[in-house]
Each structure stands twice: as structure tokens, then as C-alpha cells.
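The GTP binding site feature in Swiss-Prot is assigned to 19-26, 81-85, 136-139. Marked as Mg(2+) binding site by Swiss-Prot on the basis of sequence analysis: Thr26. If you look up Swiss-Prot, you'll see 10-204 marked as domain 'tr-type G'. Taken from Swiss-Prot, the feature region 'G1' applies to 19-26, supported by similarity to another entry. For 60-64, the entry in Swiss-Prot reads region 'G2'. The region 'G3' annotation in Swiss-Prot covers 81-84, and the record cites similarity to another entry as its basis. The region 'G4' feature in Swiss-Prot is assigned to 136-139.
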Amino acid sequence: MAKQKFERTKPHVNVGTIGHVDHGKTTLTAAITSVLAGKGLATKRDYNQIDGAPEEKARGITINASHVEYETVNRHYAHVDCPGHADYVKNMITGAAQMDGAILVVSAADGPMPQTREHILLSRQVGVPKLVVFLNKADLVDDEELLDLVEMEVRELLSEYDFPGDDIPVIKGSALGALEGKPEWVAKVEELMDAVDAYIDTPLRATDKPFMMPVEDVFTITGRGTVATGRVDRGIVKVGDQVEIVGITDTKTTTVTGVEMFRKLLDQAEAGDNIGALLRGVDREGVERGQVLSKPGTVKPHAKFTAQIYVLSKEEGGRHTAFFSNYRPQFYFRTTDITGIITLGEGTEMVMPGDNAEVTVELIHPIALEEGTKFSIREGGRTVASGSVVKILAD
């Protein structure tokens, strides 16, 4: 049978491996590519290719991450694997690699460890919707009861962080065994990918979500009106659509009377397009950078929220000293800086460079916010921390 030509007709899903250091995340990533390559669905990547992760920058923070891609019969996957623990923390908080789901790797020989817990917590905080568990190194555990005990421990830990611990698929296997081509362990990696296929939901395509566009610039066209420019974050906007202008000032409703891209007029624009939207009855002062245009009723302005933040270390160009409650930096959301006040959680005296922490933030004026919205914290124009909105609080 001729090999099928690669077509982008399959739904695309972003996943990643998470878990404690040395529990086998990278070996499993290599094993997945190796097993799927045997079916003509991936290019085999060996451990060293994945482990030598290149540096990338996201929101002014350097992160090491390896990206591999592969397919199952049903889907096309992009898979991210990070070499160091700090890279995971940064990756998840900055959203450098959005994950629609993750494979939690736990060594059956060691059971859950501190970073296992931390990665589950981070997944919960930054909104990774679904986890699948791979109990690795099962070939090193002779006692079946011990394996069951570790599985129970992992399930309890997941439930502790509000994941459905009883329902999450747990596959016991050996990544190294699969990489070496041993049939019983190859079968376990196949079982894992079946679970990932079935349990991790296909994300809504960006174009199927309600329209939103952060405003980057505003200008006036004489005789025609005010144009707001920016990149459509999600959804579709058509000429004649009503939109709301949200954030900074009171929410206003207007109608899009024209959509322009590369100086050409369009009937509609969709997620990813850089456009200018002509707004009816809005003067030059009626819309500004930092606001968003959105489908009416879908986005609300908020000023107060809890957030998970990662504070850059001195070596990363961050602060040299700790900060305390009532710290007042600038919060950079989408296109604009806005001052806010940080309050630390009970029992936390201070936050040191290199830490990650949960904090409460109150902005000086409300802006369009949702759970999962990413932001940077800046001081004098340089990034000192990165964060993700965990929960909106009543103002």
C-alpha cells in the first residue's frame, strides 16, 4: 500500500509532556515518535535531538523547549517537551506553548514527587483542560500491588487539584522499553496515544470562538470616520456586525462599517488577520490602544483578579531584589501597560526573583479580562515577571 500523502485535513491538537525531573518525559516523547514512525505517522526523533532543546523567547523570557510533531490515525499533534523544571513553569505561565492537554509522566518506581504536584497545580492554574497519565518505568516494578498503589496515589493527587482523578486514563508502561522496540511496551505507547486521542478534546478553532480584537492603533479617515487597527485574536468580524469597545472607559457599542486589510476592503476578517475596522459614530477619542473590540456580551472589563506569576531571576534580566505586598508595577495586557497593585497571599512575606507565586492584583482601571488571559509585569519598560489570570474577583 502506498504511503498516504500528508494532508492537513486532520484536526490539530497541542499537547506536551509534564512531570518530575528524570521520570522519563523526554524518553517518552522519543518513544511516541518512534512507535508512530513505525506506522508512517511521524519522523523518529531520538532522545538527544529532543533533549538539546533550542532557546526561544516568549514575553521577554528565555525558555528552552523542544517541539515535535506527529500524527495518529485521527489527529495531527504538536508536542512540546521542556528539559528543565524552570522551563516548564515559564512555558506554562507565559503560554509560550498553549496546551490543549498534557501527558503527565510519573515514574512507577518513585511515585509522585514535588514537581509532579507543581506541574498538576500549574496545569490547573493556567487552564490545561485535560491530563492523561503515563506511569513510566513499570518494567522496574515487579510487584503489581505497588504499581496499583502508585496509580492510586497519582489519582488522589489529581483529585486534590480538581482534576477528575477517578476518570483520567492511566497507562502503565516503559518508555525506554518502547524505544528499544519491545512489543509489550510498544503496545503501551499505542494505548497511551489511543487515550490521548479519545480523552483530550479537540479545541475549538479560533475562528469558531466569539470575535475579539485588541486595539493597537487608532486613526481618522477624513469623511469616513475612525479606524481601529489590530490583529484579530479570535472569531470572525463582518461588515455590519455590532461590536463592543471594552476596557479603560465604559463599554460602548458600535457597528463595523468597513474592514480593511493591506489597503483592500474585505467583507469579513478572521482570527490571525491584521485589519483596520471602521467604526460608526465613534470619534477619535472614543477608542484607544489597550481596549478590545469584541462580540457584544462576550467580554467584560475587570480590575481585580488572582494570578499565577513567574518572577524573572536576576540572570534573566529581572529584579535583583524581592518585592512585597503593595508592589505597584505596570501590567502589560495585549497592547498596553496599566498600573496595578499586587497583594501577596497569606503567609507569604515576599516574592524573590526566580519564584513563582499566586498573587492578587488590582488594576487602576478595568480592562477586558478573562480567566487564562496572559500578561507581563514590567518596571521601567523591562519585563520583571510573567503571569496568567487564574480567577476574576468582584470589583
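Placed from the backbone N, Cα and C atoms, the Cβ positions cover glycine too.
Worth saying up front: this structure is predicted, and the values here are computed from it rather than measured.
Summed and averaged per residue, pLDDT over the domain 'tr-type G' (10-204) gives 89.
Around the Cβ of Thr26 (Mg(2+) binding site), 23 further Cβ atoms fall within 10 Å across all displayed protein chains.
Taking a C-beta cut-off of under 8 angstroms and a sequence separation of 6 or more, Lys25 (GTP binding site) has the following same-chain neighbours: Thr17, Ile18, Gly19, Asp81, Val105. A distance of 8 Å separates the Cα atom of Cys82 (GTP binding site) from that of Thr26 (Mg(2+) binding site). Residues 16-17, 21, 25-26, 29, 50-51, 53, 63-66, 68, 91 of the same chain sit 6 or more residues outside the region 'G3' (81-84) yet have a Cβ under 8 Å from a Cβ within it. The Cβ neighbour count for Gly19 (GTP binding site), using a 10 Å radius and every protein chain shown, is 27. For His85 (GTP binding site), the number of other Cβ atoms no farther than 10 Å from its own Cβ, over all displayed protein chains, is 15. Here the C-alpha separation of Ala138 (GTP binding site) and the residue listed as 'Mg(2+) binding site' works out to 16 Å. For the region 'G4' (136-139), the DSSP counts in helix, strand and coil order read 2 helix, 1 strand, 1 coil.
Counting only residues at least six positions away in the same chain, the Cβ atoms of Ser107 sit under 8 Å from the Cβ of Asp22 (GTP binding site).
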